[in-house]
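**Q** Sharing the feature lines straight out of TrEMBL:
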SIGNAL    1-20  signal peptide
DOMAIN    35-546  domain 'Carboxylesterase type B'
ACT_SITE  225  active site, acyl-ester intermediate
ACT_SITE  354  active site, charge relay system
ACT_SITE  469  active site, charge relay system
């Protein structure tokens with residue numbers, strides 16, 4: 001297969017960008033000629049022009065795709081925006097959706113100015129995007145466990161990805177925590193409104209992206225962590241049929257059990273309603289949904305999320321997507337096992353050390369939240385950590401024996417710590433990604449798998465944690481290119497290569513020409529990093545085969 005320009009030279013896993021980027025006059029100009037403008041069927045949207053290393057990019061921020069989900073709209077499905085007569089001035093960043101956590105996760109939006117009125121899209125377009133030049137579109141869903149995250153973090157700003165990938169980049173804001181997933185068993189709070197937000201944003205892009213120079217038939221939905229799980233959930237949803245062409249998933253898959261059934265959702269909703277005095281044992285949300293939800297709509301949003309956080313303060317598990325409704329009628333894992341999902345090409349990957357952050361953030365007294373304490377972890381301590389992590393597993397001791405067999409000495413601290421981290425990451429993030437990739441390939445679609453193996457030079461996590469979860473996002477969005485002074489020189493080239501890996505897949509169907517297809521029978525993946533071998537098999541094949549019966553794959 002021959003790729004059209006731009007072309008790249010493969011050197012280990014460091015790509016060298018050799019294409020010359022040229023610009024032409026954009027057709028999106030206001031009558032004054034000083035700002036880009038998109039003329040949609042809803043009304044005009046005026047943006048701004050910024051530069052990435054001298055390359056101009058059009059930027060449209062805070063485009064409302066639904067009415068503010070405030071007041072009586074809290075907990076309700078998003079309502080479409082009505083047409084406007086005065087142009088929308090899309091030049092300032094949107095607020096993050098209200099969120100709260102007691103922990104300093106890097107994916108938490110720690111800026112001020114959060115709001116329930118947060119259903120906005122951001123769009124970045126190359127300068128030559130226009131009606132005569134339709135571009136492939138990336139629709140990005142941020143991660144954060146469905147309880148934190150936003151589009152306005154610096155590593156989610158799409159100008160470098162748009163400029164250097166020659167694609168249109170879209171980021172979508174969606175409701176989080178109980179504000180996004182509280183469920184009453186009625187239309188008062190139907191649940192999954194965070195997913196309904198994402199679906200509404202995707203529908204808006206399908207309807208209007210041509211006005212920005214995008215091709216609605218070439219939309220790739222992509223995300224990281226919870227965003228990746230949401231991508232997989234859209235793939236199994238009957239309501240997203242025809243709304244996207246390809247999938248990209250980083251560090252997460254709905255093959256993991258990160259979805260509740262209706263009963264579990266009701267229990268969680270009843271608990272939080274009791275804690276804010278909107279329900280009790282005799283006046284519950286099941287029998288009195290309208291009254292309880294009306295009471296909850298009057299509770300301060302931050303207070304509601306603080307109460308929610310107090311239920312499980314160290315857990316990344318909060319209110320979650322649920323199955324059993326129109327958007328997710330079937331348990332996503334069962335849908336994947338049965339092949340009941342859209343058949344689309346897939347680029348999927350994981351970080352090499354996915355589970356390291358889970359171990360430190362759930363055991364901060366032992367490790368320090370970011371792993372700074374770096375304690376010696378002997379085998380007995382490792383076994384107890386595994387027993388606590390897998391207490392609900394059908395055979396906890398089998399996990400202990402698999403990851404810490406007799407051959408590992410009591411004082412082999414480094415191996416013990418590595419194995420404990422691997423067990424956590426394999427179970428929750430890596431193996432569910434492997435299972436999803438296998439099923440997509442089994443159903444006849446092309447699958448390309450990567451393992452991110454580079455530790456960022458500015459990582460907040462302790463050196464022993466390697467390349468943890470979320471490590472690659474800043475490279476995808478071009479932070480080393482925009483701010484090279486914060487990185488090592490080779491990381492600029494790595495970021496450039498990662499951008500073109502994604503954009504090539506979106507535009508041409510393959511990340512690079514010599515990338516092998518992935519399948520259960522031939523599980524070949526590519527390492528992405530500066531100094532790594534090119535190909536591997538698995539990843540973590542023995543461990544994922546161990547968990548396979550539990551997950552049903």
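Here the Cβ of each residue, glycine as well, is placed from N, Cα and C on the backbone.
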**Q** Determine, to the nearest whole angstrom, how far the Cα atom of the residue listed as 'active site, acyl-ester intermediate' is from the Cα atom of residue 469 (active site, charge relay system).
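**A** Rounded to the nearest whole number, the Cα-Cα distance is 8 Å.
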**Q** Expressed to the nearest Å, what is the distance separating residue 354 (active site, charge relay system) and residue 469 (active site, charge relay system) at their Cα atoms?
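**A** Roughly 5 Å, rounded to the nearest whole number.
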**Q** If you draw a 10 Å sphere on the Cβ of the residue listed as 'active site, acyl-ester intermediate', how many other Cβ atoms land inside?
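**A** Step by step: centre on the Cβ of the residue listed as 'active site, acyl-ester intermediate', count other Cβ atoms within 10 Å, giving 27.
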**Q** When you measure from the Cβ of residue 469 (active site, charge relay system), how many other Cβ atoms are you left with inside 10 Å?
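**A** Taking all protein chains shown, residue 469 (active site, charge relay system) has 29 Cβ neighbours within 10 Å.
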**Q** Count the other Cβ atoms sitting within 10 Å of the Cβ of residue 354 (active site, charge relay system), across every protein chain shown.
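**A** Other Cβ atoms found within 10 Å: 32.
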